[in-house]
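Structure first, then comments.
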There are 2 protein chains.
Amino acid sequence: MVQNMTYDELILRIIILLRDGKIRDFRSVIDELQPYDMAFIFKEMPEKHRARYLSYLTVDDITDMIGELEREFQLVVLNKVGKTKATLAMNKMDNDDLAQLLEEMDEELKEQLLSSMEASESKAVQLLMNYPADSAGRMMTNRYVWIPQHYTVKDAVVKLKSFAEIAESINYLYVINESKQLVGVLSYRDLILGEPEEKVQDLMFTRVISADALQDQEEVARLIERYDFLAIPVVEENNVLVGIVTVDDIIDVVIREADEDYEKFAASGKDITFDTKAYVAAYRRLPWLILLLFIGLISGSIISYFEDALKQVVALAFFMPMVSGMTGNTGTQSLAVVIRGLSKEEMNKKTIVRLIFREFRTSIFIGAVCSVLIAIVSIIWQGNALLGFVVASSLFLTLIIGTMSGTIIPIILHKLKVDPAIASGPLITTLNDILSLLIYFGIATAFIHSL
Amino acid sequence: MVQNMTYDELILRIIILLRDGKIRDFRSVIDELQPYDMAFIFKEMPEKHRARYLSYLTVDDITDMIGELEREFQLVVLNKVGKTKATLAMNKMDNDDLAQLLEEMDEELKEQLLSSMEASESKAVQLLMNYPADSAGRMMTNRYVWIPQHYTVKDAVVKLKSFAEIAESINYLYVINESKQLVGVLSYRDLILGEPEEKVQDLMFTRVISADALQDQEEVARLIERYDFLAIPVVEENNVLVGIVTVDDIIDVVIREADEDYEKFAASGKDITFDTKAYVAAYRRLPWLILLLFIGLISGSIISYFEDALKQVVALAFFMPMVSGMTGNTGTQSLAVVIRGLSKEEMNKKTIVRLIFREFRTSIFIGAVCSVLIAIVSIIWQGNALLGFVVASSLFLTLIIGTMSGTIIPIILHKLKVDPAIASGPLITTLNDILSLLIYFGIATAFIHSL
């Protein structure tokens, strides 16, 4: 019956069960729900029912649910359930979720919460928090099962059964030697198919792909995507197994990275969602806009430098927005290719040289087509062949320059370990604006007496 | 030994083994490799060794490897291995990969290949190809194990063992009733933990989250991400199970969708990677650039309309790039928030109204800050308070208009089922350019005699 209910029906049913105190029926509904559903229901239900809802949920439910909630709601839940239940839930939470939750808390509260937790769990979380942000170590979990290499299939199944609860979502067993070094991996499927007395080390896969704990999360995502893994083991130097990273966290990384690239690219400011408050959104966007305002003024001052030419031939102003706009557009097109490529390709010298030459040839094609077009248009519109030549030849040159700066600048920034997405947008815009206006008015000034 | 070899070392070793005809040693190296590795080695090895490499690989190896190769290489492999091996590999390939491969082949070759395949496999692929592009049905696989609901754990294990090969990467069993309707799901882990005589229907999870075969792949990705699933069952109307979609394919969807959003946003043209040829890249970018060229000319013609004002006060030209640039920038910022949000949020009336008002308030904050700034700058620079007022008040108005068009236009396009990412970039740019110049010169003309 619960199977086909909509969220609204579910919420209504749960509220009725809470009101009537029917904990058994409540339980049978909850057992059919996913953590995301429990979290969604918590957020959507009227506030007055929340305390009771939480009191009816088990520690396991609360642990699962917290993983699906936004930070602000996580804190609400931890506050409302009371210290004992909160501590129990924290003990069971995924380490990476917990580390993220604790990270932004004030020191005192964090210490207090950590000290109330089980020593082993609290130690594990603190270990995670020692790894740099965005590293594999920071997002790994200790909820996996490892076995010594001398185990038989039967031993492994026994161990798996006793760790059933924590072995929930991963379907590999990681095999280590006496020095805790990762030596192999065995899937649950191989375990099911193996004979009880077979040795794990004869069944296991030994060329294990692993991530380094200090490796960037984006690189780990690339490994998981490339190999179609469900989880990847994380090792420290000397190949000592310290945790695993699961595919569900990797999907979040991929989405977050795409959002970040997008935000930087649009200079739209970090983390503006539909829920961000207006003044916060303004505050996050303004630095970019003020920067772009001054960049616009630089163009203005270049134009003012050519004031005399402009006074003599006002028609020069008509083509100005088009020339600088096109330079910007072609630069953006190249930038997009480079930035998305940087996250996927190996950037060796050969690739870079090939890319630069490709973009150069592309810009010649594009420049030729666009300048012929604009020559025709401007001759028809302004009836002035020389003006047409000035506009067309400047456009040809600026399109090449725009493309090259959109290609080369992000590569240089990448080599300098500056994030090219964030830095090259304004840099390329400024440079392209300045160069396009200089070229346009430069060529125009050379011919001004004939125009 | 193979465990720690670099790709270069691996390729060298494999070439030596191929040359010396040591098939046994070759086998023991290959057994330790991932499909991605085999594909990488194939692509990187000198061409003269490829035929022998393929002849040493088993049909299973070739099947795995093909899944990791780009289309052009897939065709090379299928050609080189000969018809028998090619057909065997195609029988074993993931249906979705095969459908993708066949899709772009010419009709005749496709028919020929399909008819040489096993009837059941060829039927399964053709079934897939009947679903629309980008639908869940198109990317599903039939490599999963289903069991009737009356099975015991023991029955299920027996069935799983006999389907070992196809049950490779997924760790759920799907439970169906007599009418082939999906009624539950059971994880391998539950199977390992269950007692042999227990009934599957007592262990299984019944509130199964499934995707509709016609559902958009992006929505399926959202489900998998939300619920942290490794695979999701796909049903047709009446809840009949027709296949499953796995998380590794979903990661590809997420990456592809992000790339597409990015491409559209930057108007950079579809599918331009580092390997695209120069003329192809030019061909894909040119439509956008030509469109933007004419948009630039629209601005130019508006300026030409205000030629007299510009002749009288040339300084108006100095602020022109800044005003229209800023309008474009603020529009882009809003557009980015809306477009990324559209793929995540439920767009109901309440959300939309709230978003529009948020953006409106944001634009007032932004407009106020920027116009005060520009007033100060222009008074200092041009020493003309009235000019400062004209520039500041136009900027204030155009920033509000830019923000609103960047918010409202993509929402309207989304409602009209037009992809807002692709259509709203140029539309918003054009509209913002026209409006910003009209406002700027309009206000300027009103005060022209005092300037």
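Yeah, the Cβs are placed from backbone N, Cα and C, and that goes for glycine too.
With A:E260, A:D261 listed by Swiss-Prot as binding Mg(2+) 5, the candidate from A:D97, A:D106, A:D419 annotated for that site turns out to be A:D419. Swiss-Prot assigns the feature transmembrane segment to residues A:312-332, out of the candidate ranges A:39-59, A:123-143, A:312-332. Membrane topology from Swiss-Prot places A:A309 and A:P420 on either side, one opposite the other. Most Cβ pairs under 8 Å to the transmembrane segment (A:372-392), among the stretches A:286-306, A:312-332, A:428-448, belong to A:312-332. Listed binding-site residues A:D228, A:D252, A:E260 compared with chain B at a CB cut-off under 8 A give A:D228, A:D252 as the close ones. When the binding-site residues A:E260, A:D261, A:D433 are ranked by how far their Cα is from the Cα of A:D249 (Mg(2+) 2 binding site), A:E260 comes first. Residue environment of A:D261 (Mg(2+) 5 binding site) contains 23 other Cβ atoms, counted within 10 Å of its Cβ in all protein chains.
DSSP classifies A:D419 (Mg(2+) 5 binding site) as coil under the three-state reduction. Geometry remark: A:E257 (Mg(2+) 3 binding site) versus A:D64 (Mg(2+) 1 binding site), CA distance 25 Å. Looking only at the domain 'CBS 1' (A:140-203), the predicted model's pLDDT averages out at 84.
Sequence-distant neighbours of the transmembrane segment (A:393-413) (same chain, 6+ residues past either end, Cβ-Cβ under 8 Å): 322-324, 326-335, 337-339, 342, 347, 352, 355-356, 359-360, 362-364, 366-368, 370-371, 374, 419-421, 423-424, 427-428, 431-432, 435-436, 439-440, 443-444. A:D419 (Mg(2+) 5 binding site) is surrounded by 15 other CB atoms, counting those within 10 A of its CB over all protein chains shown.
If you compare Cα positions, A:D419 (Mg(2+) 5 binding site) sits closest to A:E218 out of the binding-site residues A:D64, A:D96, A:E218, A:D228, A:D433. Once Cβ contacts within 10 Å are tallied over all protein chains shown, the binding-site residues A:D64, A:D228, A:D252, A:E257, A:E260 are led by A:D64.
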